[in-house]
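Peer 1: Annotations for this protein, taken from TrEMBL, read as follows:
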- 110-197: domain 'OmpA-like' (DOMAIN)
- 20-40: transmembrane segment (TRANSMEM)
Amino acid sequence: MKKEKEEVEEPSAPFWMTTFSDMTTLLLVFFILILSYSTIELEKFKGAMSSMKGALGVLPEMGSAVPKNNRSLRDRLTNQEQGLSQQVKELQKSLENTDFEGMINVEITGEGVHFRLGDKLLFDLGQANIKPRALPILKKIAGIIKEGEYKEILVEGHTDNIPIHTKQFPSNWELSTARAMSVVRYLHFVEGIPGSK
């Protein structure tokens, strides 16, 4: 009878790996003991942690884009809208029973307030000079602009559908630009609205 060879069981990990894991475990225990015997100064610890955060790319907590307490902002905007609609109503009421009635359209949108003035209200046909009788209306509109907290004022100039070919205005494009500039100059130089707006 033949003897069967005994199978030698191989270790699941190499011998060096077992020794290495024992050594790292002992080092971990050693550093934990050293840490437990030491006293931690809070300021130094916070400084070390903040430098680690910076080195590892962790950003500090930043403020939210949406204010936490936006109730006062909402109330302020509501009050501003109510005051604006009151001013617009007063402007429209002052134009009743005048030649200008129905020539001004005021629209309050999420973007702001849009004043649309009729074609014959501000300018004569083919001209870019503001009519003297339209100045009181522009003055009232300027008052509304001054009282509001507007960051940007946009003035657009338009012309009629009759093509123009004069020395002063070679096309309707130049005429519409000149009309817009007339209104901007009035608002800036006469009414004192900053040109930066």
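Any Cβ shown, glycine's included, is placed from N, Cα and C.
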Peer 1: Counting by DSSP, what is the helix, strand and coil composition of the domain 'OmpA-like' (110-197)?
Peer 2: 39 helix, 5 strand, 44 coil
Peer 1: Please work out the mean pLDDT for the residues of the domain 'OmpA-like' (110-197).
Peer 2: 84
